[in-house]
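One structure is given here, and the rest of the page talks about it.
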Amino acid sequence: MIVDVALGARTYPIHIEAGLLARAGALLAPLVAAKPGGKRLAVVTDRAVAGLHLPALEASLAAEGIAVDAIVLEPGEGAKNWAGLERVCEGLLALGVERRDVVVALGGGVVGDLTGFAASILRRGCGFVQIPTTLLAQVDSSVGGKTAINAAAGKNLIGAFHQPAMVLIDPQVLATLPPRELRAGYAEVVKYGLLGDAGFFDWCEANAAAVLAGDAAAQAEAIAVSCRAKARIVAADERETEDVRALLNLGHTFGHAFEAEAGFSDRLLHGEGVALGMALAFAFSARLGLCPAADAARAQAHLAAHGFTLSPAALGLAAPPARLIAHMMQDKKVSAGRLPFILVRGIGQAFVARDVALAEVEAFLAEVVG
Ligand SMILES: NC(=O)c1ccc[n+]([C@@H]2O[C@H](COP(=O)([O-])OP(=O)(O)OC[C@H]3O[C@@H](n4cnc5c(N)ncnc54)[C@H](O)[C@@H]3O)[C@@H](O)[C@H]2O)c1
Ligand SMILES: O=C(O)C(=O)C[C@@H](O)[C@H](O)[C@H](O)COP(=O)(O)O
Ligand SMILES: [Zn+2]
């Protein structure tokens, strides 16, 4: 299946197909320039993914006469920082990657965000291809061109919009993904239902267990629906200026604040922060009388039933509300000193609220954080 991200001259395909990694060489070959030393392709990945899935990609490229130069990072969010960016940029320069070359990001959202950002600045911008290997990256981060690293002041604060040339999704690679990572990725799947597609949320209620148990058909459906939704939203509002793309941030303003409290570590994975943040966004919307309490309860019950911890205290992240708000004020949506929130009128009905008083948020957090 191919889903296009329609961006005029920068339109690119998302190929979704079981077993695609072993056939990726044929799709990548037209993007690799012939050079005096032969055809070579730089691949950025992490140590865990390199051990499990790099050989299949290397073999498929070798069949096309293309050699791989791999840059292998340590796994986890800790790599998505200035040091990681320097490592990738210096590595790509040492390999002689040129402005018209493409670089491949093989891995989860960390590898994708970091490699994409490096590509956006390398020699003032080179191309890149996303080959996402986590559920989160297959349903969300590999599509749409948000690239970034974390800064001391917060999440994804240094980055660029830089679209990939192509996204290659092989759902079979999810077979090796640890259950905790699969669940974290599921948060970004159910997000599409909660923000704008009540019918898909119904589907999630019926099929989440299958997705999390590794059922191939359920995973394929989750990936296809998610990629179609993200492609449509990105095409409508690539740079998040029209209150359309911002809806993809449902749960993220709260979630990123708790990720910051956790020091961007595996104490709280991004998807786990998003699940907590979505539960809080629904609870806060209900408290403000914007959303039926029953919808908030239904969203929270679904997340809890599938193993997400929705209490900051239980996560060991019961930070003072004022500190959480200080994290939130670094959100990239802040404009003229005011922080918009993605709130909901019900399941599938997210909207951008620009008139939320921070005192209300602080009082809410004081209650839920305890
Ligand atoms: N750019 C965007 O639009 C966007 C969207 C959502 C999230 N993100 C970012 O993505 C990041 C989170 O991505 P993630 O959840 O993929 O985390 P990740 O990249 O850290 O990967 C999670 C873990 O899974 C391992 N792994 C990856 N693929 C594997 C496989 N097939 N089998 C076994 N292990 C595998 C990795 O080594 C890592 O330890 C965060 O930094 C978040 O901010 C970006
Ligand atoms: O693609 C988007 O737009 C998103 O908001 C997707 C999010 O899931 C993702 O985590 C994104 O990186 C968050 O964006 P940010 O602008 O808040 O860093
Ligand atoms: Zn996210």
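Just so it is clear, glycine is given a Cβ too, placed from its N, Cα and C backbone atoms.
Record check, TrEMBL: Zn(2+) site residues include GLU188, HIS270, and the candidate from HIS162, HIS252 also listed there is HIS252.
Counting residues of the domain '3-dehydroquinate synthase C-terminal' (185-334) by DSSP class, helix then strand then coil, yields 103 helix, 0 strand, 47 coil.
Checking the binding-site residues GLY109, VAL111, ASP113, THR134, HIS252 for a CB within less than 6 Å of any atom of ligand 2 leaves HIS252, listed in sequence order. Packing around HIS252 (Zn(2+) binding site) is summarised by its Cβ count: 25 other Cβ atoms lie within 10 angstroms of its Cβ, all protein chains included. Here the binding-site residues are LYS155, HIS270, and the one ringed by the most other CB atoms within 10 angstroms is HIS270. Put simply, GLY109 is the one of the binding-site residues GLY109, VAL111, ASP113 whose Cα lies nearest to the Cα of HIS270 (Zn(2+) binding site).
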